[in-house]
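Enquirer: Input: one structure, supplied below.
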Amino acid sequence: MIVRPCFKKIRPLLHFTNPLDIHYCSHSQAIDLAAETQAESTACSDYRHVHHLFDENPQRVSLNNHLLFEYSRNSINEEALNLFVGVHRTGLLIDGSSLSCILKVCACLSDLTFGKQVHALCIRSGYFDNVSVGTSLVDMYMKMENVDEGRRVFDEMEDKNVVTWTSLLSGYSCNKLVDRALQVFHMMLVGGVNPNAFTFATVLGVLADKCAVEKGIQVHTMVIKCGFEVITSVGNSLINMYLKSGMVREATVVFESMGNRNEVSWNGMIGGLVTNGLYSEAVKLFHMMRLAGVELTRSIYVTAVKLCTNLKELVFARQLHGRVTKNGFYLDNNIRTALMVSYTKCGEMDDAFNLFSMMHTFRNVVSWTAMIGGYMQNNRPEQAANLFCQMKKDGIRPNDFTYSTILAAQPSISLFQVHAEIIKTKYEGSPTVGTALLDAYVKTGNIGEAAKVFEEIDEKDIIAWSAMLSGYAQRGDIQGAVRVFRQLSKSGVWPNEFTFSSVINACTTSMASVEQGKQFHASSIKSGYSNAFCVSSALVTMYAKRGNIESANEVFKRQKERDLVSWNSMISGYAQHGYGRKALKIFEEMRKKNLEMDNITFIGVISACTHAGLLNEGQKYFDMMVNNLHISPTMEIYSCMVDLYSRAGMLDKAMAIINGMSFPAGAIVWRTLLAASRVHRNVELGKLAADNLISLQPQDSAAYVLLSNLYAATGNWQERAKIRKLMDVRKVKKEIGYSWIEVKNKTYSFMAGDVSHPLADSIYVKLDELSVRLKDAGYKPDTNYVLHDVEDEHKEAILSRHSERLAIAFGLIATSPGIPIQIVKNLRVCGDCHTVIKLISKIEGREIVVRDSNRFHHFKGGLCSCGDYW
């Protein structure tokens with residue numbers, strides 16, 4: 001069957017009945033076809049003979065070619081194709097120039113079918129060996145993404161020149177086959193073919209995309225040797241390569257040495273400075289360009305508007321808007337979209353929407369997505385969701401960027417509905433869409449669905465891996481985070497600083513192994529990311545929360561730059577570890593540097609004063625926060641102040657703080673007051689605090705337990721029994737006390753009186769031994785901490801079997817002498833256990849770190865870091 005090109009949309013210049021009668025074929029098939037159609041040529045010989053004398057007139061051929069070239073040069077490609085077909089059907093002579101020109105027309109029209117027919121004609125007419133024709137064939141196939149056919153033509157060409165080689169190289173480059181392009185350049189040099197200016201411009205573009213600046217420098221040397229550095233296009237390519245590699249100084253040297261700069265030179269340099277974050281330098285260069293009288297093109301306007309966007313220069317953007325309108329570029333879609341984005345970045349959503357509204361039928365998926373993204377950036381998810389719906393009603397199909405943007409708008413959108421659309425449009429495997437989708441599920445707490453989405457992503461990039469890891473980290477699922485990190489390493493993807501930051505943050509949870517955090521720290525050092533800003537901040541937080549405040553401080557001191565999170569982590573860390581003075585020293589250093597402070601800063605500062613018993617300092621810093629820095633106290637700040645006064649026994653002042661709050665006291669405030677009332681045995685205040693706490697959190701056991709303990713401490717067993725009965729009626733369960741200890745990367749848990757451990761007998765033998773040594777050291781059990789109506793002897797037995805003592809005893813027999821012991825308890829350590837652990841640290845010569853529900857305690861040599869302000 002003969003395949004013919006389609007001319008439905010072509011207005012014929014010459015009348016003809018049929019186009020080329022040539023089969024759709026490959027290069028190898030075209031050779032066979034040329035032989036088969038020879039008979040047809042013979043059959044037409046009589047017709048050709050009639051016009052022989054006229055048709056083969058060189059002037060007539062030249063006239064046809066001249067007309068063909070003019071059509072092609074002026075992009076009147078349909079007419080050029082019609083002319084060629086007409087010439088061919090009337091039997092007029094077609095030479096190599098004609099064929100080269102029409103092959104270029106085929107490439108412009110992306111008409112592969114007709115291009116292959118011309119290919120067959122080239123072979124039949126004997127012009128395939130013409131280097132110009134062969135080169136045009138290579139160029140045509142490459143431009144139509146038929147790379148293998150283009151390479152086959154190249155390999156079968158006997159004669160090749162620098163243009164042929166450059167066409168193949170350029171073809172690979174346009175098809176993003178960077179390695180093949182570089183291979184062709186190498187073969188070209190080895191074969192003794194001297195590159196021309198276009199060759200150098202092309203290969204430099206390839207090296208820019210590959211960020212292979214070392215090879216680029218070598219090619220730059222060759223450019224200078226060949227004398228092509230004065231060619232503007234080569235200079236532009238050098239600028240582009242250096243800027244994409246972040247080598248701004250080298251790009252500037254090339255730019256300044258150029259004798260002939262065009263609009264591309266200026267635009268490339270300004271755009272490169274913007275990409276490298278050098279906005280001020282870009283503005284200066286833009287003004288220099290204006291002084292040099294360079295005409296502002298569409299692409300320069302787009303770059304200049306993007307510069308305004310990054311600088312959030314609204315006035316400059318409006319000036320450019322005016323010039324665009326004056327110069328007649330206002331209808332350019334790229335410029336209008338860039339202006340729209342600039343207005344959204346500056347928070348001018350009304351101006352952005354007015355621009356968008358005026359685009360009417362010219363709106364495409366890019367402008368719709370930009371507008372939706374603008375609403376999202378300005379915290380208007382409902383408008384973004386409405387626009388997304390309108391976009392679909394108008395028949396505009398969302399792309400991957402649209403879906404990635406709108407997924408952040410939930411709950412204003414239906415996550416499951418958008419997910420269904422993504423599956424329908426087959427975007428679920430896209431890394432950007434898949435990552436945004438799994439992140440949306442993580443934010444809704446649906447980690448299981450997030451994991452399913454993650455598995456569906458075709459080519460998981462480091463952003464997708466980091467998002468999945470971060471999802472597990474946010475939920476405190478250390479095992480899930482570690483599993484993803486290991487899978488990432490096995491898959492051959494290199495973790496970046498954000499990956500390390502996420503997995504180290506996951507190690508801050510109490511369920512994480514202490515050693516895991518250290519291992520990831522070591523991995524970050526090996527990978528060269530330990531000093532990255534987000535990694536070092538995560539390390540400070542991790543070490544502070546896992547009981548190693550010294551290591552946290554070492555990382556903090558090595559940080560070249562610090563953000564508010566780093567400073568706050570260090571202050572809070574010292575406060576939680578009982579080093580109040582050190583926390584305040586860090587805070588004062590912060591003040592001297594005039595750094596920004598927030599509520600978190602003062603939570604750490606006032607907590608430090610509370611745990612260290614620094615009442616006056618705490619009052620001073622609270623006044624500084626409110627009166628000098630004008631930071632409004634949050635619920636947590638008020639809770640810290642209530643705790644500060646309560647620990648000092650000033651319950652009246654604590655109550656005054658609560659009464660003076662600008663909003664109703666929350667559960668955290670009443671819980672703090674209730675705990676203080678239990679310590680100071682103030683039944684009346686405790687009852688008030690408990691009633692308020694129970695009304696806010698009726699199923700929280702803390703209020704009932706603290707109140708019942710208060711009644712027990714004051715000997716009111718009847719009221720205590722009523723509270724316990726009320727808990728049973730309301731089905732409120734008391735939280736069971738547990739203590740954890742990690743030995744050899746394995747975590748062991750204990751509860752009071754636990755006998756389930758395989759080494760239980762040895763543990764209790766160790767406790768009995770310690771009991772004797774403790775009494776010899778002058779220890780007397782404080783049975784006031786046993787809130788049961790039993791005999792004192794039984795109370796002593798209860799105290800001796802508290803979960804933290806079991807964990808410490810196990811640590812003493814399971815680790816070598818002198819090794820520090822660290823345990824975690826989910827409840828607060830009682831006063832008697834606090835005394836016992838101090839003595840154990842002395843008689844055993846061990847440092848013991850205990851993290852309870854309130855703070856860290858560092859026991860060493862019979863003393864505690866809390867200074868007994870526990």
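Even glycines carry a Cβ here, placed using N, Cα and C.
This is the feature table in TrEMBL:
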DOMAIN    778-870  domain 'DYW'
REPEAT    161-195  repeat 'PPR'
REPEAT    262-296  repeat 'PPR'
REPEAT    364-398  repeat 'PPR'
REPEAT    461-495  repeat 'PPR'
REPEAT    563-597  repeat 'PPR'
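Tell me about the setting of these features in this model.
Expert: Secondary structure by DSSP for the domain 'DYW' (778-870): 37 helix, 16 strand, 40 coil.
Distant neighbours of the repeat 'PPR' (161-195): 131, 134-135, 138-139, 141-143, 145, 147, 150-151, 154, 202-203, 205-207, 209-210, 212, 215, 222, 226; these residues of the same chain sit at least 6 beyond its ends, with a Cβ under 8 Å from one of its Cβ atoms.
Below 8 angstroms of C-beta separation, residues 232-233, 235-236, 239-240, 242-244, 246, 248, 251-252, 255, 303-304, 306-307, 310-311, 323, 327 of the same chain, each at least six residues beyond the ends of the repeat 'PPR' (262-296), sit close to that stretch.
Counting only same-chain residues 6+ beyond the ends of the repeat 'PPR' (364-398), those with a CB under 8 A from a CB of the stretch are 333, 336-337, 340-341, 343-345, 347, 349, 352-353, 356, 405-406, 408-410, 412-413, 421, 425.
If one looks beyond the repeat 'PPR' (461-495) by at least 6 residues along the same chain, the residues whose Cβ comes under 8 Å of a Cβ in the stretch are 431, 434-435, 438-439, 441-442, 445, 447, 450-451, 454, 502-503, 505-507, 509, 511-513, 516, 520, 523, 527, 529.
Remote same-chain partners of the repeat 'PPR' (563-597), defined as residues 6 or more beyond its termini with a Cβ less than 8 Å from a stretch Cβ, comprise 533, 536-537, 540-541, 543-545, 547, 549, 552-553, 556, 603-605, 607-609, 611-614, 617, 621, 625, 629, 631, 855-858, 864-867, 869.
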Enquirer: Count the residues of the repeat 'PPR' (262-296) that DSSP assigns to helix (H, G, I), to strand (E, B) and to coil, and report the three numbers in that order.
Expert: 26 helix, 0 strand, 9 coil
Enquirer: What counts of helix, strand and coil residues does DSSP assign across the repeat 'PPR' (461-495)?
Expert: 26 helix, 0 strand, 9 coil
